[in-house]
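Have a look at the structure below before the remarks.
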Protein chains: 2
Amino acid sequence: MNYPNGRRGSKTNLAPKGKTKPDFSNRGMSLEEDINVTNEYYLQAGVAVVHKKPTPVQIVQVDYPKRSAAVIKEAYFKQASTTDFNGVYRGKYIDFEAKETKNKTSFPLSNVHQHQIDHMRAVQAHGGVSFMIIKFTPLDETYLLPSSAIFSFWEDQWNGGRKSIPYAYITNEGIKIPFHYQARVHYATAIDKLYF
Amino acid sequence: MNYPNGRRGSKTNLAPKGKTKPDFSNRGMSLEEDINVTNEYYLQAGVAVVHKKPTPVQIVQVDYPKRSAAVIKEAYFKQASTTDFNGVYRGKYIDFEAKETKNKTSFPLSNVHQHQIDHMRAVQAHGGVSFMIIKFTPLDETYLLPSSAIFSFWEDQWNGGRKSIPYAYITNEGIKIPFHYQARVHYATAIDKLYF
């Protein structure tokens, strides 16, 4: 949890989630929850079909009690081999990972894993729309950043480059995602701008 | 497990999995496992990026023992809201469910669930490629059947229609999926024929 000396933002922006802000954009829900709500709205409204992938779990032992549901008694979390969200929007394959950071001046690359980068590259190579949704929580700002804008930073960090993507770069190369009452992370509008 | 009096197939075809058949197509792996192997090959060979979605699980209790991995001690299976497989192939969104049947003359609709039909309709409405992979295990024959070919049977069953899709219909409307040493369920060739 880094709170570096940011030059942006205000005390209002630093308010605890859902405590003092008068709008509906920050009611204590995580970015992932907000995207799930958005996806549910998109599905009902006929905008897109996008789902979060379930957390992969290695199941070791299951009990089958009489007259009640099977109970998993021993299981372990597995490493995911893809990103968290995928689906179809306006005929295109959509694939993304969502990350939030407490940072205000940059997005630390430690939030990203090699297998996610590999997956993003593969998706892009096959003509899919691949991006990350990055939320700067203290600023209450969320961006869609295309994967292609991430790859060079990812490689450079192993060659003496910086370990984070600057906020200014994200605001330039990404598209700000607006808040919408039902589509709390209304990323479809950002896809429209970047890919259509 | 139905073994109706089929008019097709031979004793050879009815042999237990992996026991007497000399080829590599039936070594005791389930259809799902064969598709997973195929997807792994497709990924490595740069053919497509398709993954099986993890089984959704509602996690209730997790233990965090010192110096070892977190252990899920209580969890329950949840109903999936989508189909099992999705990804991107030649720029298109691909989405399918895989089912095998012991039946030889038809595919029983009891293998399909309403939420899968709903999802297939939504995918198709948004321009995705939606289909089922159906394996007639005793015949060792596997078909790609486009979702659109399933919908009318699905509706008709509630209006006095039959509760299964005839084998002959599937062979006519579907594409037979060939076996390939590395792509054991080589569905990409069937997609090429139907959608490109």
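Backbone N, Cα and C atoms are what each Cβ position is placed from, and that goes for glycine too.
Over in TrEMBL, the protein carries these features:
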- B:1-27: region 'Disordered' (REGION)
- B:Thr82, B:Asp84, B:Glu97, B:Gln116: Mg(2+) binding site (BINDING)
- B:Lys99: site 'Transition state stabilizer' (SITE)
Near chain A - the binding-site residues B:Thr82, B:Glu97, B:Gln116, filtered by Cβ distance under 8 Å: B:Thr82
Close in space, distant in sequence - B:Gln116 (Mg(2+) binding site), Cβ under 8 Å, 6 or more apart: B:Thr82, B:Thr83, B:Glu97
Secondary-structure category, per DSSP, in which B:Glu97 (Mg(2+) binding site) falls: strand
Conformational class of B:Thr82 (Mg(2+) binding site) under the three-state DSSP mapping: coil
Rounded inter-Cα distance in Å - B:Lys99 (site 'Transition state stabilizer'), B:Asp84 (Mg(2+) binding site): 10
Mg(2+) site, defined by B:Thr82, B:Asp84, B:Glu97, B:Gln116: further same-chain residues with Cβ within 8 Å of the Cβ centre: B:Lys53, B:Ala80, B:Thr83, B:Phe85, B:Asp95, B:Phe96, B:His119, B:Met120
B:Lys99 (site 'Transition state stabilizer'), number of other Cβ atoms within 10 Å: 18
Among B:Asp84, B:Glu97, the most crowded of the binding-site residues [Cβ within 10 Å]: B:Glu97
